[in-house]
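Visitor: What Swiss-Prot shows for this protein is this:
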type	residues	note
TOPO_DOM	2-35	topological domain 'Cytoplasmic'
MOD_RES	Ala2	N-acetylalanine
TRANSMEM	36-56	transmembrane segment
TOPO_DOM	57-72	topological domain 'Lumenal'
TRANSMEM	73-93	transmembrane segment
TOPO_DOM	94-102	topological domain 'Cytoplasmic'
TRANSMEM	103-123	transmembrane segment
TOPO_DOM	124-186	topological domain 'Lumenal'
TRANSMEM	187-207	transmembrane segment
TOPO_DOM	208-216	topological domain 'Cytoplasmic'
TRANSMEM	217-237	transmembrane segment
TOPO_DOM	238-286	topological domain 'Lumenal'
TRANSMEM	287-307	transmembrane segment
TOPO_DOM	308-319	topological domain 'Cytoplasmic'
TRANSMEM	320-342	transmembrane segment
TOPO_DOM	343-355	topological domain 'Lumenal'
TRANSMEM	356-376	transmembrane segment
TOPO_DOM	377-383	topological domain 'Cytoplasmic'
TRANSMEM	384-404	transmembrane segment
TOPO_DOM	405-473	topological domain 'Lumenal'
MOD_RES	Ser417	phosphoserine
MOD_RES	Ser425	phosphoserine
REGION	430-473	region 'Disordered'
MOD_RES	Ser442	phosphoserine
MOD_RES	Ser454	phosphoserine
COMPBIAS	455-464	compositional bias 'Basic residues'
Amino acid sequence: MASCVGSRTLSKDDVNYKMHFRMINEQQVEDITIDFFYRPHTITLLSFTIVSLMYFAFTRDDSVPEDNIWRGILSVIFFFLIISVLAFPNGPFTRPHPALWRMVFGLSVLYFLFLVFLLFLNFEQVKSLMYWLDPNLRYATREADVMEYAVNCHVITWERIISHFDIFAFGHFWGWAMKALLIRSYGLCWTISITWELTELFFMHLLPNFAECWWDQVILDILLCNGGGIWLGMVVCRFLEMRTYHWASFKDIHTTTGKIKRAVLQFTPASWTYVRWFDPKSSFQRVAGVYLFMIIWQLTELNTFFLKHIFVFQASHPLSWGRILFIGGITAPTVRQYYAYLTDTQCKRVGTQCWVFGVIGFLEAIVCIKFGQDLFSKTQILYVVLWLLCVAFTTFLCLYGMIWYAEHYGHREKTYSECEDGTYSPEISWHHRKGTKGSEDSPPKHAGNNESHSSRRRNRHSKSKVTNGVGKK
């Protein structure tokens, strides 16, 4: 009787909720090409762990204390990643292998715990830790102390413009190409690019290196570096959207060239979701969610500059570019999970990677404020308030423009987005109308040209058991 009372049959809504959350948090691999790489190897990993620990415990020289600490930390990270492969969720991606994304999530958890640890240290202890990692940091200087910014802006020559195309300019270009691959929206990418330049203006009183000449901000940053990177990323997006992602298994490929091509394609997405951040029928909650996305994105970018300014290390130091690469790695599944949460009405919670990313962003900001109190004591509250209002106005203005363009000029094709009940399609809207063939309510003639394309998309998605735009592959 007690067991009957304690048990509860899951409703249809509960089943759908669990299914939708699992698809963004624990994506399954169904199109397995080589069985060996997807079989459980828990006993093998257990044996490897025990043997390797015994080897390092009894064979290595432990006479150097600093070497012991360093190797111990590396071993903890290594074996924590092994546990990540065994226990952590896959996330929304399965290519090139789910184990890779489990380790990415494991690294984000480690970084989160490291930031929590930093909160309980004082500034001298943090600097001692940095000097232990790299003794050369004792002699590091701030870029703002040795360089001048926004000087002689009225002098515009080709030599001066070309001199600004350094390694950082190429970093801007490729960085925005990757951001476009993640966001997949011209409007949102351009909004983030413009609002970041506004962010630099409002925080220029705290970080002098944010001061730039107008032609540097508008022409070099926004139009050339950022704009070129956005264009390249969106071109790659269109290329991936046109591709068919149901490749044959290695067993079905009989030529060496075909097998090599299939191996290379393993490092491309298993499925490509047509991203639609803004629907013409978007609710206020959707707009507010995009605004929150903008704020967190700007905060993460600001943390990059505040960290290297407060703890004094150059932009070329591994602590700087290593963090940027790491944040870029965990941003990919984060954006995917946040997009699913924002657009799928049946997804009631964010994914675990998205949750950890949000905590990391705010923890980095807290660390900067705690150890940079001398810097933040100069903060002009009015500038911060104006920045928030300006970002909100720019975001809402851009959203309105994108929605207006989508309603009047946007080319809408049938897609399988995150939210099935919010998917817009001219064919679906026509079928809901009342009318007969040949009447005014009949579909336009050009709709038939896309019929084969839409049917191919339906067949392709049905084979991979796609639900809400996430292919189980």
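Glycine is treated like the rest: Cβ placed from N, Cα and C.
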Visitor: List, by number or range, the same-chain residues at least 6 past the transmembrane segment (187-207) whose CB is under 8 A from its CB atoms?
Guide: 144, 176, 179-180, 217-218, 221-222, 226-227, 230, 233-234, 277-278, 290, 294, 297-298, 301-302, 305-306, 309, 375-376, 378-380, 383-384, 386-387, 390-391, 394-395, 398-399, 401-402
Visitor: Within this structure, do the transmembrane segment (287-307) and the transmembrane segment (384-404) have 3 or more Cβ pairs under 8 angstroms, counting pairs 6 or more apart in sequence?
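Guide: By the criterion, they touch.
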Visitor: Of the residues in the topological domain 'Cytoplasmic' (208-216), how many are helix, strand and coil by DSSP?
Guide: 6 helix, 0 strand, 3 coil
